[in-house]
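Here is what TrEMBL says about this protein:
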{"type": "DOMAIN", "residues": "23-362", "note": "domain 'Glycosyl hydrolase family 13 catalytic'"}
{"type": "ACT_SITE", "residues": "Asp189", "note": "active site, nucleophile"}
{"type": "ACT_SITE", "residues": "Glu214", "note": "active site, proton donor"}
{"type": "DOMAIN", "residues": "351-409", "note": "domain 'Alpha-amylase C-terminal beta-sheet'"}
Amino acid sequence: MGNTNNGPEESTDLGAVLRNGREILLQGFNWESHKYDWWRNLERKVPDIAKSGFTSVWLPPASNSFSPEGYLPQNLYSLNSSYGSEQLLKALLQKLKQYKVRPMADIVINHRIGTTKGHGGMYNRYDGIPLAWNEHAVTSCTGGLGNKSTGDNFHGVPNIDHSQHFVRKDIIGWLKWLRSVGFQDFRFDFARGYSAKYVKEYIEGAKPIFSVGEYWDSCNYNGHGLDYNQDSHRQRIVNWIDATGQLSAAFDFTTKGILQEAVKGQFWRLRDPQGKPPGVMGWWPSRAVTFIDNHDTGSTQTHWPFPSNHIMEGYAYILTHPGIPTVFYDHFYDWGNSIHEQIVKLMDIRRRQDIHSRSSVRILESQHNLYSAIIAEKLCMKIGDGSWCPTGREWALATSGHRYAVWQKQ
């Protein structure tokens, strides 16, 4: 499928979108969205989402769940959830298709809540619903009769044993069904919980257009705060991507962790010892999905929040740099019209200057109060309250805001 411009529907080539590298994702929900008739709310916003230039919208878990947010799934084949009915979901998926924005399904397959008690008196059987697995589908470390987990445990609930052939066959069947319902992209929840080789098998089986994994573990901290060197952290994410057969991208938690400290007046953090960006973006940009906050780190959970008075500096960084940038729903729709417009403007400049996931970065300054860089030799940016502008008359200001500015060649 040489030409990737035919639209994702026609492309059966798993790697086309990754190679093209011109994605901008929207995370289309937060931790509270289940309270707000969500599928209907998003459907009203589809024209704006498309006009703004997003290629894919990550939707919250659509399957029936024990918890309203969707992350404790039970009946995977029921698409009635606290976000709305199956009918409303299908209307949203149809509208996204009409506007050529790809819907991304949140794939929660590390764990599953049982329906009936089995071995050891635990709820580790799934009688009476589709995929009516028994205790052999549950890892021995979480009370089942399956094998030991191939990853970290998600505590307090039965974890799925992906080493069982019948489990993988059923999961691939379900993922294919999600594709037939209209989901085109996948986001793999809690990817630390099971071996990446199974993610590879699931992507090969269900053929999503684009996939991203949530491989989230702690950055390296010392007594004084965040370490300057996060190479071991980004290496673990890179290893995970590699083990998916390079078929999946991964959220760049390394960049998030560093960037949210850098904007507090420590911009020296944004250049690694080799002079490159210090996150996954600096090592494998075509697989690095950059972001500022998500439903866990920000929203009402605030497990690891980006400083709220610096988010535009954050977006000025990720939307001008290589990698695959993601915008968070809250920032785009709940933080006021000015922020919305500023983000759209940065997205416009990215597209007009044809900045993509593999664009080159030349870092010019990374001091306490200033970071500046030239991207793809056609765009120049600075963040921080240090004053700076590019030398050379070819640079014209493209946009600016509080503590950030972007120039383009005129």
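For all residues, glycine too, the Cβ spot is worked out from N, Cα and C.
Predicted automatically and left uncurated, TrEMBL annotations should be read as such.
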Secondary structure content, the domain 'Alpha-amylase C-terminal beta-sheet' (351-409) (per DSSP, counts of residues): 2 helix, 29 strand, 28 coil
Under 8 Å by Cβ from Asp189 (active site, nucleophile), counting only residues of that chain that are 6 or more apart: Pro61, Tyr71, Asp106, Ile107, Val108, Ile109, Asn110, Glu214
For the domain 'Alpha-amylase C-terminal beta-sheet' (351-409), the mean pLDDT of the predicted model: 97
CB contacts for Glu214 (active site, proton donor) [other CB atoms within 10 A, all chains]: 21
